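Trainee: This is the structure, below, for whatever I ask next.
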Amino acid sequence: SLSRTSPNLAFVPACLPPDPVEVEELQRFVSNSKRLFVMTGAGISTESGIPDYRSEGVGLYARTDRRPIQHAEFVRSASARQRYWARNFVGWPQFSSHQPNTAHLVLRDWEKLGKLHWLVTQNVDALHTKAGSQRMTELHGCTHRVFCLVCGDQILRSELQEHFEALNPTWKAEAFGVAPDGDVFLTDEQVCNFQVPACRKCGGILKPDVTFFGDTVSREKVNFVHQRLAESDSMLVAGSSMQVYSGYRFALAAREKQLPIAILNIGPTRLDHFASLKLNSRCGELLPLIV
């Protein structure tokens, strides 16, 4: 039941309640859409207790000087991988237990009603999958899957957690705060004795099935999403400032096709100057008001 899903607002920027006029405008926008293309970002998951990077005052960049790992650093450096996986190992039990919030459930219901044509999420938290969305592309992958950079073998992240535990039976570390992508903050001293398993099939490097900063989304996935957008008649962006080009390119394509674009996001976005509608509200507060 949607009414029993209470939001966690620790990582949600302050904002005013939805303006009734704006609710009416978004209702009109959704009602006029027959094949709605939805793109979600970290702002849809903050109400599930997962911090984002860019939100004013509460995002990772505002709270700390930490930055997410770069793809090249992960591939090149064994110590960077050790640090990444140690932090991820500590954070995984909490991160993997996060549940969808009202906004995720509303979008799932729109799909069931035939209103939502396709959903593209920039998030790697699996919350849309947990909510039951099926007509969906995880643009940047998902932390719940791990693959080998050498042979391509895939395993579940939960299975890797067992391998970590077996390799590090006495290793313990206390976390200093939670980061957006399932890891936590640890000191170098805590990390130095952590053992990282290799691929069980070929001994290669294991990497989460996500697009790290500095990496690119596959051409096949990009083309697939462009095809879904071409079949759509409008675009809704929910919980994203669209600062990352991998997602922004689809908004540019929608503008080129002259599709109406609505944005639901607390704070400015890269699309504000060409969107048909901009709403500065919480996703989990406004989306349930739309029927």
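Each Cβ is built from the backbone N, Cα and C atoms, and glycine gets one as well.
Curation does not apply to TrEMBL; its annotations are automatic.
On a predicted model such as this, the values are computed, not experimentally measured, just so you know.
The domain 'Deacetylase sirtuin-type' annotation in TrEMBL covers 16-291. According to TrEMBL, the feature active site, proton acceptor maps to HIS140. What TrEMBL lists as Zn(2+) binding site is CYS148, CYS151, CYS199, CYS202.
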Trainee: Return the residues near CYS148 (Zn(2+) binding site), defined as same-chain residues 6+ apart in sequence whose C-beta is under 8 angstroms from its C-beta, sorted by sequence, else 'none'.
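Mentor: Long-range Cβ contacts: GLN154, CYS199, LYS201, CYS202, GLY204, ILE205, LEU206, LYS207.
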Trainee: When you tally the Cβ atoms that lie within 10 Å of each candidate's Cβ, which of the binding-site residues (CYS151, CYS199, CYS202) has the highest tally?
Mentor: CYS199
Trainee: Give me the non-local Cβ neighbours of the residue listed as 'active site, proton acceptor': same chain, 6+ apart in sequence, Cβ-Cβ under 8 Å, ordered along the sequence.
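Mentor: For the residue listed as 'active site, proton acceptor', the qualifying residues are GLN122, ASN123, VAL124, VAL210, THR211, VAL217, SER246.
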Trainee: Inside 8 A of the center formed by the CB atoms of CYS148, CYS151, CYS199, CYS202, which other residues of the chain have their CB, for the recorded Zn(2+) site?
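Mentor: Filtered neighbour residues, in order: LEU149, VAL150, GLY152, ASP153, ALA198, ARG200, LYS201, GLY203, GLY204, LEU206.
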